[in-house]
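Asker: Features from TrEMBL:
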- Glu20, Asp121, Ser122, Gly123, Lys124, Thr125, Ser126: ATP binding site (BINDING)
- 597-611: compositional bias 'Low complexity' (COMPBIAS)
- 356-542: domain 'Ubiquitin-like protease family profile' (DOMAIN)
- 552-632: region 'Disordered' (REGION)
Amino acid sequence: MASVGANQKSAEWVLGAGEEFRFEVDFKHTIEIKLKHGHAEYFGAELGREASYSFSGENGVVFSWEGCTLTVIGECQSAYVAGETPMDSCINVHMALQQLRVQARSDSANGPRVIIVGPDDSGKTSLARTLINYAVRMGETPLYVDLDPMDASVTVPGTVSVTPMSKTVDIETGFMSYAMSSSAGPPDTPLVWQFGHEQPTDNAELFNLLVDRMAAAIGRHTANNSQSATSGLFVDTRGFTDAAKCETIDHAISALGITTLLVVGSERMYSLLSNRPFAKEGVTVIKMARSGGTVDRSAMFRQQYNSRIIQQYFYGTPKEPFSSFSTVANFQEIRILRVGEDSIAPSSTLPLGETRMLTDTSVLAVEPDEALTHSILAVTDASMDLEGDSVAGMQALGFVNVTVVDMEKKRLILISPVPGRLPKQVLLYDVESLRSALPTDMHSKEIIFIPINNSNSFVHVEGGSGSHWSLLIYVKHVNPTYHYYDSMANINYQYALAVKSKLDAILFGAGSQGPPMITHSCPQQENGSDCGIFVILYTDLLARRYNDLRLPPPIQPTNRVSMPPPVPPRPRRLRKFSAEPDTTRHAASIALHNRRNSSQPQSSSLPTRPSTYHDSSDDSSGVIRRPMSPFVRSSNTRNRMAVRPAMLVAPVIERAFWWIDYADLCNPLKARTTLQALVNEHCTRYNNIATSLN
Ligand SMILES: Nc1ncnc2c1ncn2[C@@H]1O[C@H](COP(=O)(O)OP(=O)(O)OP(=O)(O)O)[C@@H](O)[C@H]1O
């Protein structure tokens with residue numbers, strides 16, 4: 001978090017009783033908030049008078065019961081005072097829970113166990129944080145159970161955890177401060193389990209197993225700590241609205257002995273959950289209003305947020321920086337395992353009659369290779385000789401980051417938050433870490449454009465820490481293929497390979513070779529700074545090419561499709577910029593243009609489809625049928641991706657890569673003068689394409 005500059009503007013905000021100051025500040029800016037007069041709190045934690053609190057990449061709220069004056073230094077994306085807040089119902093819930101704690105103390109029973117559910121960004125974590133802070137301020141020591149792996153607030157993303165709370169949540173670093181050993185003593189150290197997926201339903205079996213392990217740990221903890229037992233616990237969950245996803249909630253409610261369920265911001269969910277069996281078995285279901293201040297966070301925001309959490313795990317915060325340490329682990333000294341299915345392909349894609357051989361908690365050995373680079377590995381409590389699925393529910397002692405995989409010396413170079421050798425040698429690999437960068441419904445995507453960077457940093461660095469960008473494209477059709485474009489003599493080739501092998505592991509199973517990667521000749525940059533522009537232009541041109549070739553109206557199964565011949569590649573000419581217009585290419589473009597503008601396939605004016613493109617789905621009558629691909633979408637709407645006739649896939653893909661129209665790029669004068677100007681347009685196009693792909 002950068003500090004606020006001396007010349008930043010400062011503003012004074014006056015809050016009346018029961019009002020709150022809401023602000024949004026992005027990751028590029030930092031603001032400082034000081035309480036000048038009165039009393040105020042940040043999600044239930046009291047602000048110290050004249051103490052200065054810094055925020056960056058945060059949507060926050062300072063609330064005052066009695067009124068206060070704040071000084072805010074720095075630039076917010078939005079800042080306002082609101083009078084309508086759900087704080088009254090929040091304090092009512094807190095008081096009711098406090099009565100239950102007092103009752104539990106006199107009965108020597110467990111205190112209230114609360115689970116908070118609701119849609120994404122409805123304010124579940126904020127409510128949990130506020131109620132925990134109120135409880136702690138009354139001398140309670142509740143447990144905080146984080147069952148939101150995507151938004152893991154205690155350690156790295158992809159995990160679930162339980163933390164005993166004996167002090168209010170740190171205003172600046174949130175729950176993360178509990179994972180920092182220097183600020184939390186051993187009694188407050190969180191227990192963490194590696195889950196490795198974003199949604200509990202991605203591997204419900206493993207998720208439920210971890211909840212069971214967590215429940216056992218909580219049982220041991222509360223058996224020896226009556227104060228903690230009577231203080232109860234708060235469970236934060238992953239956002240959901242779908243009734244089908246209740247299964248993991250049902251399990252958590254029964255395993256953790258939940259007594260109260262708070263439903264935030266959804267009438268529908270409230271009604272749905274009020275009718276579940278647990279509601280009839282004594283769990284109180286309470287509806288909570290969503291605060292008008294909660295903000296829907298974009299995928300980019302979440303990614304940057306998670307990046308910062310990882311950075312804080314290894315390097316601490318600006319106020320409390322850590323040193324991280326480098327350590328070496330030889331391949332033969334360690335076991336790297338991953339838990340769960342080989343591939344995220346759904347069961348429905350298996351050949352008819354086949355069932356999966358593995359359960360979702362099966363443990364698979366991972367052979368170290370380049371794909372491990374930049375991975376976060378959980379160091380587990382398991383011993384080297386522990387066999388089978390018992391490793392799956394093992395607690396994570398901590399996390400290391402793989403900076404180098406040295407295949408020659410057969411060793412990993414790791415960054416660890418603590419010095420010395422690894423305490424244990426069984427490491428859990430989370431191949432899914434790449435998934436956050438991929439579309440959620442990846443199986444329905446036909447083309448994935450993946451910008452490749454040669455950065456060695458595993459966390460987001462403002463402005464980027466690498467020096468070169470190139471483009472990898474994954475094209476899924478009958479025969480999936482990767483295509484690689486690099487504007488500087490393929491210098492990012494090894495990085496593209498590393499990403500490819502990670503994708504292979506996700507798409508085709510751990511250890512799979514995956515489909516081939518074709519490296520294409522393409523225009524080369526002439527300076528040291530245009531790589532990003534070239535990536536945008538390659539993406540734009542190729543995406544446009546795919547879209548253009550899809551422009552003819554949906555072809556009925558009875559239509560005979562005639563394709564124009566492929567234009568042969570001209571690598572030399574493409575590399576050498578020429579001022580002269582290329583008439584051959586121009587003619588080919590016109591032919592394509594004519595075909596696009598016609599409402600019927602131009603079988604008469606264009607040569608017929610080359611026989612090499614015929615696939616087994618063509619029958620003798622020349623009628624082309626849709627090839628049987630598990631991923632073919634059947635929608636006949638005019639959605640660009642959906643209407644694309646599957647039988648065009650193979651020829652289109654081949655020609656798309658041959659038929660790149662570099663006319664604009666190949667005129668050196670034009671390229672020089674317009675490249676920069678084009679960037680904005682191309683960025684917009686790129687965004688449009690990304691949106692349509694999403
Ligand atoms: N009253 C408020 N005013 C301003 N911002 C708020 C308020 N309450 C919550 N927020 C912000 O809104 C965002 C979403 O809130 P929160 O993280 O609590 O939601 P969530 O339901 O836990 O989200 P998730 O989908 O990750 O589970 C956060 O950035 C939070 O800081």
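Cβ coordinates come from backbone N, Cα and C, glycine included.
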Asker: Considering every residue in the domain 'Ubiquitin-like protease family profile' (356-542), what is the mean pLDDT value?
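Answerer: Overall, the domain 'Ubiquitin-like protease family profile' (356-542) comes to a mean pLDDT of 74.
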Asker: Quick check on the binding-site residues: of Glu20, Asp121, whose CB has the lowest count of neighbouring CB atoms inside 10 Å?
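Answerer: The binding-site residues Glu20, Asp121 were compared, and Asp121 has the fewest Cβ atoms within 10 Å.
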Asker: Rounded to a whole number, what is the top Cα to Cα distance in Å among the residues the record ties to ATP, namely Glu20, Asp121, Ser122, Gly123, Lys124, Thr125, Ser126?
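Answerer: Farthest Cα pair among residues binding ATP: 19 Å.
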Asker: Below 8 Å Cβ to Cβ and six or more residues apart, same chain only. Which residues does that give for Ser126 (ATP binding site)?
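Answerer: Residues satisfying the criterion: Phe43, Val61, Ser291, Thr294.
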Asker: Is it possible to get the count of other C-beta atoms within 10 angstroms of the C-beta of Thr125 (ATP binding site)?
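Answerer: Thr125 (ATP binding site) is surrounded by 21 other Cβ atoms within 10 Å.
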Asker: Look at each of the binding-site residues, Gly123, Lys124, and point out the one with the fewest other Cβ atoms around it within 10 Å.
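Answerer: Gly123, out of the binding-site residues Gly123, Lys124, has the fewest neighbouring Cβ atoms within 10 Å.
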Asker: So, in DSSP terms, is Glu20 (ATP binding site) helix, strand, or coil?
Answerer: strand
Asker: Compile a sequence-ordered list of residues in the same chain as Ser122 (ATP binding site), six or more apart from it, whose Cβ lies below 8 A from its Cβ; state 'none' when nothing qualifies.
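Answerer: Result: Gly239, Val264, Gly265, Ser266, Arg290, Thr294.
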Asker: What does DSSP assign Thr125 (ATP binding site), in three states?
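Answerer: For Thr125 (ATP binding site) - judged by DSSP and reduced to three states - the answer is helix.
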